[in-house]
């Protein structure tokens, strides 16, 4: 005989199974929504109320994938292709584009995870994509921090900038950034794993015991080292630059150099500001989730998905910012598009000539 308690338990399990898809993003282990110990599905959480979120997230991820991958690959191409683009600032931009391009490759896999309501790609792919998420998070903010320091040296210490701001040194710093980011990326790769419960496979961070301690420690380390400390350094750099720009009329001996210096500084400021705006909400979630118990209601989960999508969207925004704010990038993008069109026209012409020759 089935008792009322048994029916209640079965109903709870049914809701848990049907709604687990809403707690699976590769960033979710960071907040604790997906972990095997912290996920508790409220009994009033209806599938029908949350199911519209899945197509929206899939559409956003698809757009981020297409725009972000193509845009960032184009940015890397023009920096490699054109000699005039191999400046210290653009070397940092290349590093940022590389991190963004890598993270956009995870979008199709995450969308599939949402749509199928299970992780179908196995343990190795799970580890790789969780590691990519953490590498992207740390590499991006560390690169932006170095870009801010680079701008500070260029504006406030122009003499020292001659020795410090070289493409070779920028490349060395980029390598150091990836090595430093491994402090988060390697543990994420090691701890990332698949877990199957009730026929549903999840890709998540699997912390050792005591679970709550390591989970909280991870969140706090990410919040401090991937957000608070870098943002403080960036704020100090731009505050000092702002004072310098206000008090000095001419930063260099040439009006052209001075105009270029201010233009590049403006570009870096906008890129950093957009990054902070896109990533602040998700880091606030991390802090709140680590300090207090957050009810996983429909509104909370919807807000969470918005924050995650906003963070990923940043990866596709930077190429657009370069195209609008930097004349050199704009000219290189136009040259690339023009060259591609000419090559396509030549190919079509050759095909047409070959066809006419064969017909005659």
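Using N, Cα and C of the backbone, Cβ positions are placed for all residues, glycine too.
TrEMBL labels come from automatic prediction, so no person has curated them.
Bear in mind that the values here come from a model prediction, so they are computed numbers and not experimental data.
Among the features that TrEMBL reports, domain 'G-protein coupled receptors family 1 profile' is placed at 71-322. As annotated by TrEMBL, transmembrane segment applies to 53-79, 91-109, 129-149, 170-190, 217-243, 264-288, 300-325.
If you count C-beta pairs under 8 angstroms between the transmembrane segment (129-149) and each of 91-109, 170-190, 217-243, 264-288, 300-325, the highest count goes to 170-190.
Between the transmembrane segment (91-109) and the transmembrane segment (300-325) there are at least 3 Cβ pairs closer than 8 Å, counting only pairs 6 or more residues apart in sequence, which means the two stretches are in contact. Below 8 angstroms of C-beta separation, residues 88-89, 91-92, 94-95, 127-128, 130-135, 137-139, 142-143, 146, 150, 205, 221-222, 225-226 of the same chain, each at least six residues beyond the ends of the transmembrane segment (170-190), sit close to that stretch. Mean model confidence of the domain 'G-protein coupled receptors family 1 profile' (71-322) amounts to 88 (pLDDT, 0 to 100 scale).
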